[in-house]
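Asks: Take a look at the following structure, please.
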Amino acid sequence: MPEPGKKPVSAFSKKPRSVEVAAGSPAVFEAETERAGLKVRWQRAGSDISASNKYGLAAEGTRHTLTVRDVGPADQGSYAVIAGSSKVKFDLKVLEAGGSITFSARVAGASLLKPPVVKWFKGKWVDLSSKVGQHLQLRDSYDRASKVYLFELHIIDAQATFAGGYRCEVSTKDKFDSCNFNLTVHGEQVKGEFRDGREMNLLEGIGDQKLPHVPGTSTLTGKGSEGLSGWTAGHRDSKLEAPAEEDVWEILRRAPPSEYERIAFQYGVTDLRGMLKRLKGIKRDEKKSTAFQKKLQPAYQVSKGHKIRLTVELADPDAEVKWLKNGQEIQMSGRYIFESIGAKRTLTISQCSLADDAAYQCVVGGEKCSTELFVKEPPVLITQPLEDQLVMVGQRVEFECEVSEEGAQVKWLKDGVELTREETFKYRFKKDGQRHHLIINEATLEDSGHYALRTSGGQALAELIVQEKKLEVYQSIADLTVGSKDQAVFKCEVSDENVRGVWLKNGKELVPDSRIKVSHIGRVHKLTIDDVTPADEADYSFVPEGFACNLSAKLHFMEVKIDFVPRQEPPKIHLDCPGRTLDTIVVVAGNKLRLDVPISGDPAPTVIWQKTITKGSKVPAGPAPDVSGDADASDEWIFDRKLLCETEGRVRVETTKDRSVFTVEGAEKEDEGVYVVTVKNPVGEDQVNLTVKVIDVPDAPAAPRISNVGEDYCTVQWEPPAYDGGQPVLGYILERKKKKSYRWMRLNFDLLRELSHEARRMIEGVVYEMRVYAVNAVGMSRPSPASLPFMPIGPPSEPTHLAVEDVSDTTVSLKWRPPERAGAGGLDGYSVEYCREGCSEWVAALQGLMERTSVLVKDLPTGARLLFRVRAHNVAGPGAPVTIKEPVTVQEIFQRPRLQLPRHLRQTIQRKVGEPVNLLIPFQGKPRPQVTWTKEGQPLAGEEVTIRNSLTDTILFIRAARRTHSGTYEVTLCIENVEDKATLVLQVVDKPSPPQDIQVIEAWGFNVALEWKPPQDDGNTELWGYTVQKADKKTMEWFTVLEHYRRTHCVVSELVIGNGYYFRVFSHNTVGPSDRATTTKEPVFIPRPGITYERPTYKALDFSEAPRFTRPLVNRSVIAGYNATLCCAVRGTPKPKISWFKNGLDLGKDARFRMFSKQGVLTLEIRKPCPFDGGVYVCRATNLQGEAQCECRLEVRAALAERAMTRPDGTGFWTSLPELLPRAVLQAGGTCSNTPPSLLQCLSDQTGSLGMARCSRMPAHVPRAWKEAGQATFLLDIRVQVCVLELG
């Protein structure tokens, strides 16, 4: 027993702790003692626990362990561990089924006009609002202070079928968000788990569009390239074809747990965790069933939309069956069909949906069999891919993609990185049925890159190119020369149809009016001036808004001077340049050509318009009429003139007295040529040649050619257009698109001057097409035909780590590692080449390509010095080669024999009897060395020991070791006269034999001394110690007393008096305890000694005490009409008698006083005191030991006037005034015969109704009342008022 005043020292250095475990799981308790060899006992409810199928007891040194297997509700309770005099208690709690859990979603509603709409789903489509009932409740609330909506999903008494994936969706008029989470029911325990955290805070600010990221499960990110999946399979598009049917269960079984979520996303498994838990929790019913010959399988899997059959075979063909789904009986309908053929019963479910994903049971009488049906969704395919886009900075970008399933889960990625909802201030995701949109409101240069939409069945890629704003002028304005009253039109064309601009005249902004008009149609800007006057001659400019660009031209006014001509004037054509040389007029194809020729003559001349048509190989504009006739014969021109006389139509002539107008609506190439204007009258004639040149956009170039295709680039070449449109080609514009897309994307903004261009920034593995435009001063040509489709695939990089592995007289062994970059199509194989040193001709070592990363090159010339190189090949061709650094001499190299003995074989090798022995020793040496094994200097013999040799190692193998195999082994490696040796020590150990000759040396008190001899056979290894056990003669249950005890004698203590004991001893070594134990032959009896109990004597103590006030009474002043209390405290033994006195009078019988006594605290309560209750109060306490008293003075003050006017019983003062007034008058010394009634009536008239009169106004009204009552001679002084107040 510990000494008084000292804290007992615990025998445990580590105590077991209370635990909570789920039903069916093991519970493990550990304890560590301060020293080894201490006896430890485990108890439950006060009873010792022994090792059995239920409980496992283990001890190792100072560590002791209790294991409770297959925990059930019956195992719950209190346990204890005892060592010496120390005892530690702990509890085991079993978690049972039926747990409840609540999931909460908080929505910030500060900026919401209406409450958001929240929906809860299980799986993908099951709306939980239709499942509200006993086990599921939906709640919502709104906190006006924080302006937060709270939505709760409360699951009560969760069952195993409740496990699975859940989703919460919240939406407003134009915003949407969702969150996924899982519910796992662990057999007897329910657990909620969110995929994106412990709490759902959906729309953490949905009003200001700050939506948080809600990945799910966990984020499913798959990296890799799928670009060649369609190309290598006969150019099929893998995104549009459903993948082959695969067994998801087999894939999950072989995959590591880290890949589960990726596989679930790929194959459309919506409830992965619940599925795995439910499958794991299914227990196989192994006992023989009397109702079923063949039960349902543990689980079935079916694709969505397909049909499934659940079949059982009954022992009784006439038995009735019931089919249950999640515990509810299934009724026959169009989707559920019951079939009965003999003993077979079949449930057929057609057109399976996610609602059919449940637990099914077949019930026959009192027996049932269960199964789980899992509905697998088909992979979501890409039906309309993304389109490449080219935008300017600040423009809106919207990627659109269509998938095969409505509402499918997709992921958006940029350059391989998933776009999350944390970036919703920049990226906006939109769902519209099967269409998914990614919207960037204002694009920046940083948004350029490759965007991808990934589903469980494919991926769509597109490129976004964001360019700085740059305006390109397709057609500038040109100088004009017009005559009086004519129309002048300035026209220009720019690249951006949304650009606005300002027209300037001599640097000042031009204001449009009825004569001056400004128009903007698409990319064309026009300035039209009608009825031109000399004031309109100026410099005109067009300035686009937002761009540092200025387009200028000059308007020349053509003044027609007509001199006075007398009558009979010969005709004359009045032009600025009326010479006989050709003047060229340039017009753009499609524009209006108007030739206004002023004429004169009297009489009015006749005007003839003719167009000269040239014949021959050379067609110049035409000779002038005054060209000399001695020109060279080769330069002779042949003309044919066509008369133009139509007055209506596209080409027409209009002639008036003073002018002739030739008009061509929409000039064409055929309108080009020399026009001859001839005027005639009787006096003479005049003639002028006008050369008209029609310019147009160039013809479309031929289809471009693609060459030098790389990983993300290619070279595009093209030829100039056949016709340049009459103007030199300024450059070219190149566009590209994906094969199955309809959107072309421009690759350059600056014109390409050359006839080739290297296009970059393409996606490897995607099929593209190219086309080209030609551009001249007029504009841009039609696009060329598309090039042949091509796929950017780069050749692989060079293999790595090329090394020579081995060399012989005719062979060289090489090895290498795959290249770092294989390309989108993967590797087709490797080629190996060699050449002699100093030679540049490489020879193929093998025919064709090989797939392995090692090769043995044979039939090489002995002694030759060779260089080797390796290339990797794919669809794009061979990659760069890797060459060994130094030449290799083809010759066997002598290498000294060397044994590379592993470290674990350098120590003594221990094996248990019956275990296999497999000793592998690598070695080196060339040529192949000779290997010899010996044991104790003798060659190995017998069939039990096997030697296996290879080129690089030797193996000693024994299928089942025996004790005779122990010994020293030696292995010798020999090449010619050079050798190397290694020694191995093998020790085959077994269990020891039991100890010998156990004896009881002495027994005294509670102790027994034992002694024994070591075992005869120690098992060929060192003994670790002994285990001593005892058993009561009555129960013969053995309990361990000592473990790992090294001595051969011990003392067993703490034996029970009056019992007989047997003892036994086991011996231990590294293999384990001996199979048998040495036991004492006779029991040892512990005698019961005589003991006499003496009762202790105690001295009687006197606790009596005279009364004493520990807290006396104190003087008090109270207001009349309110309860008052007087308190004091007294102590004394025995309990004193208490008496209260007022002014010497005993208050015990007065009903207005109440006395209380509780725990020595005395209280006197005076009920509604009046001034008469004032005085001296005394409290007296009396017992057998004496008497004590204390006193105080109580003063009762009159109440205020308002308070005094109301009686304590609730009656008003005015109600009792008729009774009080006569008494008050008499008490004041007056006479009141017949006075009170008339006085009372007067008071009523002065102060209002009796019930509403206020007491504070009474003193002022009483004198007037007395006067009106005819008692003016009676003076009512203050005494009457006081008497009234006292009586009231």
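Every residue gets a Cβ built from N, Cα and C, even glycine.
TrEMBL labels come from automatic prediction, so no person has curated them.
Dumping what TrEMBL says about this protein:
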REGION    213-234  region 'Disordered'
DOMAIN    287-364  domain 'Ig-like'
DOMAIN    378-472  domain 'Ig-like'
DOMAIN    571-691  domain 'Ig-like'
DOMAIN    700-796  domain 'Fibronectin type-III'
DOMAIN    798-893  domain 'Fibronectin type-III'
DOMAIN    897-969  domain 'Ig-like'
DOMAIN    994-1089  domain 'Fibronectin type-III'
DOMAIN    1107-1195  domain 'Ig-like'
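Give me the structural setting of these features: burial, nearby parts and distances.
Replies: Taking the domain 'Ig-like' (571-691) as a whole, pLDDT averages 71 in the prediction.
Residue counts for the domain 'Fibronectin type-III' (700-796) under DSSP (helix as H, G, I; strand as E, B; rest coil) come to 0 helix, 32 strand, 65 coil.
For the domain 'Fibronectin type-III' (798-893), residue counts in helix, strand and coil come to 0 helix, 45 strand, 51 coil, using DSSP.
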Asks: Counting each residue once, how many in the domain 'Fibronectin type-III' (994-1089) are helix, strand and coil under DSSP?
Replies: 0 helix, 53 strand, 43 coil
Asks: Tally the residues of the domain 'Ig-like' (897-969) by DSSP class, grouping H, G and I as helix, E and B as strand, and everything else as coil.
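Replies: Counting residues per DSSP class in the domain 'Ig-like' (897-969), I get 6 helix, 39 strand, 28 coil.
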Asks: When secondary structure is assigned with DSSP, how many helix, strand and coil residues does the domain 'Ig-like' (1107-1195) contain?
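Replies: When I sort the residues of the domain 'Ig-like' (1107-1195) into the three classes, I find 3 helix, 58 strand, 28 coil.
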